[in-house]
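Contents: one structure, followed by commentary.
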Amino acid sequence: MLDAFSRVVVNSDTKAAYVGGSDLQALKKFIADGNKRLDSVNAIVSNASCVVSDAVSGMICENPGLITPGGNCYTNRRMAACLRDGEIIIRYVSYALLSGDPSVLEDRCLNGLKETYIALGVPTNSNARAVDIMKASVVALINNTATLRKMPTPSGDCSALAAEAGSYFDRVNSALS
């Protein structure tokens, strides 16, 4: 896992060059947007349970067969596993947003995710839909357009951070397809 700083150092070191130019400007921007980034992550983690439960509820509303006998959310154990998986995904998205680097998400969450779901017989299309709903909720939280939220959200223009968070959810969906 690399954060924004480590990534720049590693890239410069492989080129046997000093940190400078566009890498330095990117780090300056990362630092300048630090409070917005922290506020965005705080908004995500403070609302994570609601975001995940809303996403799973939305997925089930669109596919009621998931909660009928034989469905992948039928029985409390399977529903709990579904909610747990959503919590894990959103947690790793928040880690990636905090560090400004998707490697923690890729390495610790997405690596082998599709194969695991296939082996367990979990429909990836339903998971992808839940991820889309989580993405929409998180982007709304970061952009301060969400309603009925638990706490204040980041102030100022956070569209770049919202897009970054959205890209991490897109990575999750790519890993599932």
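From the backbone N, Cα and C atoms, a Cβ is placed for every residue, glycine too.
Small disclaimer: the values here were computed from a predicted structure and weren't measured.
Per Swiss-Prot, the feature phycourobilin binding site maps to CYS50, CYS61; the stated evidence is similarity to another entry. If you look up Swiss-Prot, you'll see ASN72 marked as N4-methylasparagine, on the strength of similarity to another entry. Taken from Swiss-Prot, the feature (2R,3E)-phycoerythrobilin 1 binding site covers CYS82, and the record attributes it to similarity to another entry. Among the features that Swiss-Prot reports, (2R,3E)-phycoerythrobilin 2 binding site is placed at CYS158.
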Name the residue among the binding-site residues CYS50, CYS61 whose Cβ has the smallest number of other Cβ atoms within 10 Å.
CYS61
How many Å lie between the Cα of the residue listed as 'N4-methylasparagine' and the Cα of CYS50 (phycourobilin binding site)?
21
Enter the number of other CB atoms within 10 angstroms of the CB of CYS158 ((2R,3E)-phycoerythrobilin 2 binding site).
23
State the Cα to Cα distance, in Å, between the residue listed as '(2R,3E)-phycoerythrobilin 1 binding site' and the residue listed as '(2R,3E)-phycoerythrobilin 2 binding site', rounded to an integer.
30
Within 10 Å of the Cβ of the residue listed as '(2R,3E)-phycoerythrobilin 1 binding site', how many other Cβ atoms can you find? Include all protein chains, please.
22
Distance from CYS158 ((2R,3E)-phycoerythrobilin 2 binding site) back to CYS50 (phycourobilin binding site), taken between C-alpha atoms, in Å:
21
If one measures from the C-alpha of CYS61 (phycourobilin binding site) to the C-alpha of CYS158 ((2R,3E)-phycoerythrobilin 2 binding site), what distance in angstrom results, rounded to a whole number?
31
CB neighbours of the residue listed as 'N4-methylasparagine' within 10 A?
20
